[in-house]
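Visitor: Please see the structure below; I have some questions.
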Amino acid sequence: MQLPVRSQLLLLLLLRASGLRAGERSSSAMEEIATEKEAEESHRQDSVSLLTFILLLTLTILTIWLFKHRRVRFLHETGLAMIYGLIVGVILRYGSPSSSGHDKPFSCSQEDRPFTTLLVNVSGKFFEYTLKGEISPGKIHNVEQNDMLRKVTFDPEVFFNILLPPIIFHAGYSLKKRHFFRNLGSILAYAFLGTAVSCFIIGNLMYGVVKLMKLVGQLSDKFYYTDCLLFGAVISATDPVTVLAIFNELHADVDLYALLFGESVLNDAVAIILSSSIVAYQPTGENTHAFDAAAFFKSVGVFLGIFSGSFMMGAVTGVVTALVTKFTKLHCFPLLETALFFLMSWSTFLLAEACGFTGVVAVLFCGITQAHYTYNNLSVESRSRTKQLFEVLHFLAENFIFSYMGLALFTFQKHIFSPIFIIGAFIAIFLGRAAHIYPLSFFLNLGRRHKISWNFQHMMMFSGLRGAMAFALAIRDTATYSHQMMFSTTLLIVFFTVWIIGGGTTPMLSWLNIRVGVDPDQDPPPSNDSFQVLQGDGPDSERGNRTKQESAWLFRLWYSFDHNYLKPILTHSGPPLTTTLPSCCGLLARCLTTPQVYDNQEQLREEDSDFILNDGDLTLTYGDTTITANGSSGSRTATTSLDGRKTKSSSEEALEHDLGMGDNEVTSRGTRLVFPLEDNA
């Protein structure tokens with residue numbers, strides 16, 4: 001039976017429609033399968049990229065062990081990490097195949113600015129794309145098509161929010177405070193004034209180099225004076241990790257170690273705030289890069305505001321953590337105690353960044369505050385855990401950054417290497433470091449009893465390595481031509497200083513005749529004639545008197561208040577507040593004084609830090625009450641000793657104990673030995 005023509009046409013249309021729907025379903029299914037395969041491949045590449053860095057760190061650790069076993073000192077672990085990173089970078093760049101590219105440029109001539117997120121309509125389906133950065137017109141067809149190289153290129157925020165906090169916190173938490181505070185004035189001068197001098201000298205010299213590049217036709221884009229100052233701030237961040245590690249192994253002079261370590265700790269904070277202040281410099285005229293006095297003073301205000309705000313935020317977080325650990329029973333649960341300590345410390349960095357301050361400064365002073373107060377409230381297990389935890393995180397994060405530096409030399413897509421700029425940068429850094437060290441040392445020696453000798457100054461000049469902080473600051477912004485050139489140059493400078501200068505540390509120590517074999521954590525051993533030393537006729541007494549006299553006067557003024565009030569409020573150590581606060585505050589004093597202050601038999605003192613301490617091993621006097629080592633108290637009716645000399649005040653006595661200067665007592669195995677001293681007057 002033959003269907004009418006009309007029915008045949010209708011059936012044909014139905015069959016075609018069903019076929020189209022079946023084709024669409026098949027096409028949709030194929031697209032879903034392709035999408036799933038792409039997601040699976042992306043996940044696999046993510047795993048491979050992370051595995052690459054883990055293998056790099058593993059190889060670095062094994063090689064470090066071999067170097068330590070063979071006592072090899074010409075190359076530090078950070079230099080090893082960079083070498084391995086270079087090797088892997090070469091393999092990834094030239095050994096891995098490129099992926100099939102599907103990048104196609106689209107024109108959006110109607111828009112005058114880029115969008116952070118872009119929604120693209122492809123055949124009725126919307127896809128989301130995120131902004132990765134600007135590509136110069138000359139490199140539009142050279143966009144990286146190797147997916148693996150894209151995966152190993154990290155977001156700069158990873159360095160700031162994940163890798164930098166443990167490095168900076170560990171620097172503050174492990175600070176050796178005895179020699180640090182003995183040289184506090186000099187350290188502050190080098191870190192603040194010296195870094196500012198270095199920044200402006202390098203910036204101005206590099207501006208001359210940029211003018212020379214423009215004159216000879218080697219400058220293909222804009223490079224402003226503020227860019228040169230920014231480069232000066234970035235490259236002024238020193239990181240003598242190699243030198244300090246060798247100092248530790250050889251036990252170099254403690255004062256030289258303290259000067260270098262203290263400068264590097266505070267120098268990073270100053271460099272990052274200087275860079276923020278330079279970025280904030282915005283003149284109001286048509287030429288936004290000309291000098292403007294109002295904009296300059298505004299930048300100075302930004303510097304002071306950011307530093308003071310970050311300092312307060314770090315200190316307050318440390319104080320809050322100390323109060324929580326003091327007035328709760330967290331010490332009964334060491335795991336919870338360690339977790340809270342870790343989270344509070346890390347959140348300091350993120351909180352400061354979220355509030356517009358600098359996390360580096362905040363987490364540094366948080367670490368110092370935690371070491372001085374919170375550490376005393378932790379259980380024995382938590383003290384060990386926190387020290388080891390941040391030491392391991394510091395080690396891994398630092399070596400990860402240096403491995404990535406080696407990798408970035410081949411994986412970073414926006415390198416701009418200019419021989420004139422690179423040579424000029426090395427010369428400017430040398431001159432800036434010289435102007436930083438020698439004039440400041442001359443003026444500091446005018447007021448120091450223990451002078452900074454010429455060989456110390458030469459060693460400090462030689463030890464101005466650049467490292468993780470300079471790299472992190474440079475890679476944070478590589479959007480413009482000038483910043484890309486600055487990043488590439490910074491990378492080469494870090495390579496040179498870590499490999500060449502770091503490797504020459506041991507020969508330089510020998511050539512400058514700097515003494516080694518001195519334990520930076522301990523004072524020189526006392527002489528055999530202990531009675532004579534205690535009389536003040538021996539070298540230890542002279543050293544103790546020098547330490548007391550050279551401790552920064554500002555610190556000595558603060559110490560009395562801290563010892564009598566802050567330590568008892570925030571920790572279980574120090575004198576009871578009932579003996580230091582006025583009688584009208586008796587109720588408040590009893591509320592803030594915990595029973596551990598009276599009956600704690602444990603000596604709350606960190607094994608390798610001189611200012612994380614408890615005064616349980618002291619016999620201190622407050623008014624008419626004497627607090628002994630076992631927590632008992634008694635009345636004191638006289639303020640002079642049997643030979644007629646006046647005794648020292650409690651804060652002076654405790655300060656001398658903290659600084660390791662007690663010259664009238666020797667404590668051995670819990671026994672307090674008092675030698676009768678003659679009056680030589």
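Backbone N, Cα and C atoms are what each Cβ position is placed from, and that goes for glycine too.
Sharing the features that TrEMBL gives for it:
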COMPBIAS  643-656  compositional bias 'Basic and acidic residues'
DOMAIN    60-511  domain 'Cation/H+ exchanger transmembrane'
REGION    523-547  region 'Disordered'
REGION    630-656  region 'Disordered'
TRANSMEM  47-67  transmembrane segment
TRANSMEM  79-96  transmembrane segment
TRANSMEM  158-175  transmembrane segment
TRANSMEM  187-209  transmembrane segment
TRANSMEM  229-247  transmembrane segment
TRANSMEM  301-325  transmembrane segment
TRANSMEM  357-376  transmembrane segment
TRANSMEM  388-410  transmembrane segment
TRANSMEM  416-435  transmembrane segment
TRANSMEM  456-475  transmembrane segment
TRANSMEM  481-502  transmembrane segment
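Burial and contacts for the listed features, if you can.
Guide: Long-range neighbours of the transmembrane segment (79-96) within the same chain, counting only residues 6 or more positions beyond its ends whose Cβ lies under 8 Å from a Cβ of the stretch, are 52, 56-57, 59-60, 63-64, 67, 146, 148-149, 152, 242, 399-400, 402-411, 494-495, 498-499, 502-503.
Beyond its flanks by at least six residues, the transmembrane segment (158-175) meets 261, 264-265, 268, 345-346, 349-350, 353, 359-360, 363-368, 370-371, 386-387, 390-391, 393-394, 397-398, 400-401, 468-469, 471-472, 475-476, 609 of its own chain at Cβ-Cβ distances under 8 Å.
Listed by sequence, the residues of this chain that lie at least six past the ends of the transmembrane segment (187-209) yet keep a Cβ under 8 A from its Cβ atoms are 180, 225, 228-233, 235-236, 258-259, 262-263, 265-267, 269-271, 274, 420-421, 424-425, 427-429, 431-433, 435-437, 440, 443-444, 460.
Among residues of the same chain six or more beyond the transmembrane segment (301-325), those with a C-beta under 8 A of the stretch's C-beta atoms are 269-270, 273-274, 276-277, 280, 331, 337, 340-341, 344-345, 347-348, 351-352, 355-370, 372-374, 377-378, 570-571.
Distant neighbours of the transmembrane segment (416-435): 197-199, 201-202, 205-206, 208-210, 212-213, 216, 218, 231-232, 235-236, 461, 464, 466, 481, 484-485, 488-489, 492-493, 496; these residues of the same chain sit at least 6 beyond its ends, with a Cβ under 8 Å from one of its Cβ atoms.
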Visitor: With Cβ-Cβ distances below 8 Å as the criterion, list the same-chain residues six or more beyond the ends of the transmembrane segment (229-247) that contact it, or say none.
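Guide: Residues 73, 76-79, 195, 198-204, 206, 256-257, 260-261, 263-264, 267-268, 271-272, 274-275, 278-279, 398, 425, 428-429, 432, 463-470, 473-474, 486, 489-490, 493, 498, 501-503, 505-506, 509, 520.
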